[in-house]
Amino acid sequence: MSMDSDAKSPFQTAELAFDDPFAAFSQWMEDARGAEPNDPNAMTLATASPSGVPSARIVLLRSVDAAEHPERGFVFFTNTESRKGVEIAANPQVALLFHWKSLGRQIRIEGKAIPVAVEEAESYFHTRPRISRLGARASDQSRPLPDRKTLQKRVEEEEARYPGDDIPRPAYWSGYRVTPTVIEFWQQMPFRLHDRLVFRRQGKNWGQEKLYP
């Protein structure tokens, strides 16, 4: 049986067709929230040192800016003195990757990581669970830790210092906004003949093209 007559042919499935990558992202994220059992907003963040040594880790997307935002992008929060924060300070070019296995979809983003405003970091920090806020103060993220008891002791010390809910945000805890220059949508298809649609920023607009799988 030829592929053209196969009921599972990738060419019998509607292909990706979007005009607005942010609108498409929002729709795919909504689909993922209904399909993924855990953390549909989880994304791989890739950074690189000034000498080009890459590193990657999973972080959580916290917001996507509305169209009127002057630096519209994808926002996450972290310790800015961690490895990723140090690398972003030296080289703000980063990549993000969302993968939703249940949907057979990926979105890949390239762009520049820009620190969020202090007010934005403050606002989000105070929505976090109390122990998470204490942990942010207690952890020297990415630095050597002698043992778990040391971390436990530091958290307990912060808890004693701030017994109530008024826990100040440490200056090194903030966020970044990734302003994209490239957004690629990938849809799994049979026989590895996947569908890829990439948007590239062209001034205030977006150009788009298909890519071979």
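Every residue gets a Cβ built from N, Cα and C, even glycine.
Record features, source Swiss-Prot:
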BINDING   57-62, 77-78, 83-84, GLN106, 141-142, TRP186, ARG196  FMN binding site
BINDING   ARG62, TYR124, ARG128, SER132, ARG192, LEU193, HIS194  substrate binding site
REGION    135-163  region 'Disordered'
COMPBIAS  145-163  compositional bias 'Basic and acidic residues'
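The structure, with features from Swiss-Prot marked on it.
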{"residue": "ARG57", "record": "FMN binding site", "Cβ neighbours (10 Å)": "14"}
{"residue": "VAL59", "record": "FMN binding site", "Cβ neighbours (10 Å)": "17"}
{"residue": "LEU61", "record": "FMN binding site", "Cβ neighbours (10 Å)": "19"}
{"residue": "PHE77", "record": "FMN binding site", "Cβ neighbours (10 Å)": "20"}
{"residue": "ARG128", "record": "substrate binding site", "Cβ neighbours (10 Å)": "16"}
{"residue": "SER142", "record": "FMN binding site", "Cβ neighbours (10 Å)": "15"}
{"residue": "ARG192", "record": "substrate binding site", "Cβ neighbours (10 Å)": "8"}
{"residue": "LEU193", "record": "substrate binding site", "Cβ neighbours (10 Å)": "14"}
{"residue": "HIS194", "record": "substrate binding site", "Cβ neighbours (10 Å)": "18"}
{"residue": "ARG196", "record": "FMN binding site", "Cβ neighbours (10 Å)": "17"}
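Taking every protein chain shown into account, GLN106, SER132 are the binding-site residues, and of these the Cβ with the most other Cβ atoms within 10 Å belongs to GLN106.
Non-local neighbourhood of ARG83 (FMN binding site): THR47, SER55, SER142, each in the same chain, at least six residues away, with C-beta under 8 Å from its C-beta.
DSSP assigns SER142 (FMN binding site) to coil in the three-state reduction, placing it in neither a helix nor a strand.
TYR124 (substrate binding site) is surrounded by 19 other CB atoms, counting those within 10 A of its CB over all protein chains shown. Per Cα geometry, HIS194 is the residue among the binding-site residues ARG192, LEU193, HIS194 nearest to GLN106 (FMN binding site). When other Cβ atoms within 10 Å of the Cβ of ARG62 (substrate binding site) are tallied across all protein chains shown, the result is 15. In this structure, the C-alpha atom of ARG196 (FMN binding site) lies 38 angstrom from that of SER132 (substrate binding site). Classification of ARG83 (FMN binding site) by DSSP places it within a helix.
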